[in-house]
Amino acid sequence: MADERVSARGGMETSFGFREVGTGEKQPLVNDVFHKVAKRYDIMNDVMSAGLHRVWKDAMIAALNPPGREDYRVLDVAGGTGDIAFRIVERSGRKAHATVLDINGSMLSVGAERARKKGIEANLDFVEANAEDLPFAANSFDAYTIAFGIRNVPRIEVALKEAYRVLKRGGRLLVLEFSEVEMPLLDRFYDAWSFNAIPKFGKLITGDDAPYQYLVESIRKFPNQRDFAAMIRDAGFARVSFTNYTGGIAALHSGWKI
């Protein structure tokens, strides 16, 4: 299942929330969303997940279980504020090295400042680049992580192929993303929370509900667990699996470069 489609006008289109936009239009629109929320991104995730994103991220790092080796290299994509990368570094006993890549400079600035305050900047690099065109050689990383970022990429299938390219043989892909709720009744509650409460909380916190409306809509347009797992396989990954969190509100996808 590809995220990119041919429009009635003959051009390539993709989703920006519930809107259909040209593939080249999506990234600037997404950038604008995250420029607006960069300084309050963690609060945004608390609102989006009712605080559960912290538990899900801890579970993601536990699944990765980074070893305490200085030659262990992780690429964390769409990780601007450093939330995942910091957890990886700490879990490894401050031995592993994480490269934080994001297309949004505002997010990276927040992450770099947080790293300095934590005293772990020596374990981190911050790189402004596009997930669809990674500025790294093939077979460079032991792991590739992305949390709540893949749905914002205009061409998801291209980003997954790039992930495969830069991973070493035996390297692991981990994708944490909001997903399709599979628990009866929870889906109704989550829809009500998403479309009624989240934009209102967003406006209260930041003065602007538009970024939160987009983020809610982008979750609904993202492929379900099985369709996304198929996309990961199509990119070349083996031993593909997923684990639902909180009834499917989020899911952790895993794949290996064999």
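Glycine is treated like the rest: Cβ placed from N, Cα and C.
Owing to the predicted nature of the structure, the values given are computational and were not obtained by experimental measurement.
Feature list (source: Swiss-Prot):
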- T81, D102, N130, A131: S-adenosyl-L-methionine binding site (BINDING)
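Locations of recorded Swiss-Prot features on the structure.
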residue: T81; record: S-adenosyl-L-methionine binding site; Cβ neighbours (10 Å): 26
residue: D102; record: S-adenosyl-L-methionine binding site; Cβ neighbours (10 Å): 27
residue: N130; record: S-adenosyl-L-methionine binding site; Cβ neighbours (10 Å): 17
residue: A131; record: S-adenosyl-L-methionine binding site; Cβ neighbours (10 Å): 26
Tell me the coarse DSSP state (helix, strand, coil) of T81 (S-adenosyl-L-methionine binding site).
coil
Name the secondary structure element type, per DSSP in three states, that contains A131 (S-adenosyl-L-methionine binding site).
coil
Using only the Cα atoms of T81, D102, N130, A131, which the record gives as binding S-adenosyl-L-methionine, return the largest interatomic distance in Å, rounded to a whole number.
16
